[in-house]
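Reviewing the structure listed below.
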């Protein structure tokens with residue numbers, strides 16, 4: 001009698017093979033932001049403040065803490081949106097622990113930064129509410145992100161190399177009820193940076209909506225055009241550099257939606273256009289304040 005041959009193993013089908021690798025890919029994705037443009041919103045005002053206010057160890061430390069804040073925000077927002085699924089607990093707690101390790105020593109050494117805590121608590125609450133309601137792309141949720149990022153130059157200025165002694169004292173002194181925002185809190189160049197980025201990033205939110213989520217809606221298109229006309233006019237009134245930035249943003253805000261009416265513009269093209277415009281405006285804004 002011939003010996004029995006072992007059964008031939010069944011090949012794993014492509015869908016099953018893909019399923020086996022999906023959890024690993026999903027786990028990696030849970031730790032990364034799925035909004036590429038969000039990093040630009042988060043980092044551009046902070047990097048501009050490093051250039052304009054003068055880089056120091058303290059400002060670099062604060063910039064790293066701010067980047068960690070964003071990691072906490074996007075992971076916690078996913079946790080809220082998913083109704084507290086355990087999948088997002090580990091990234092949220094890990095980033096929160098990293099923020100505590102980086103941020104707590106900073107607060108101990110520079111307690112003046114706490115004067116901005118009420119603003120950022122309110123903006124974080126608005127962001128989490130948007131995630132809970134699954135309206136994280138609404139105008140008011142986007143406004144929370146824009147305001148949080150645009151305020152960073154004001155937060156960083158007391159710790160820059162060009163800060164006056166009064167500014168440095170404000171940054172290292174615990175705020176009091178009677179002098180929560182002392183003289184020098186809203187000084188130049190940080191104030192101009194914050195206003196410029198509020199205008200620029202607010203326009204970016206409206207422009208992207210007219211091209212993707214709210215494409216074809218005249219209410220959003222009209223709001224975008226009015227916004228850009230205002231920032232272009234205000235930009236030229238403040239500085240030729242800011243005027244050039246406003247004109248550049250206005251040109252893309254008008255031209256791209258008109259092109260989209262006669263031919264399809266892929267979201268990737270919109271993203272590339274916005275990235276180039278943002279990079280050019282980043283340079284122009286820095287030129288305006290240094």
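Quick reminder: no glycine exception, Cβ is built from N, Cα and C everywhere.
Not measured: the values here are computed from a predicted model.
Feature annotation from TrEMBL assigns compositional bias 'Pro residues' to 1-12.
Residues annotated as region 'Disordered' in TrEMBL: 1-25.
What TrEMBL records for 92-110 (among others) is transmembrane segment.
The feature transmembrane segment is assigned by TrEMBL to 116-132 (among others).
What TrEMBL records for 139-159 (among others) is transmembrane segment.
Taken from TrEMBL, the feature transmembrane segment applies to 186-208 (among others).
Feature annotation from TrEMBL assigns transmembrane segment to 220-249 (among others).
If you look up TrEMBL, you'll see 269-289 (among others) marked as transmembrane segment.
Residues 73, 76-78, 80-81, 138, 140-141, 143-145, 147-148, 151, 154-155 of the same chain lie 6 or more positions beyond the ends of the transmembrane segment (116-132) yet place their CB under 8 Å from a CB of it. It is 139-159 that, among the stretches 139-159, 220-249, 269-289, forms the most Cβ pairs under 8 Å with the transmembrane segment (186-208).
Sequence-distant neighbours of the transmembrane segment (139-159) (same chain, 6+ residues past either end, Cβ-Cβ under 8 Å): 38, 41-42, 44-46, 48-50, 52-53, 56, 58-59, 62-63, 66, 110, 112-113, 116, 119-120, 123-124, 126-127, 129-131, 167-168, 170-172, 184-187, 189-191, 193-195, 197-198, 201-202, 205, 209. Here the transmembrane segment (269-289) has long-range neighbours at 36-37, 40, 44, 47-48, 51-52, 188-189, 192-193, 196-197, 200, 204, 207-208, 211-212, 238-239, 241-242, 244-245, 248-249, 252, 256, meaning same-chain residues at least 6 beyond its ends whose C-beta is under 8 angstroms from one of its own.
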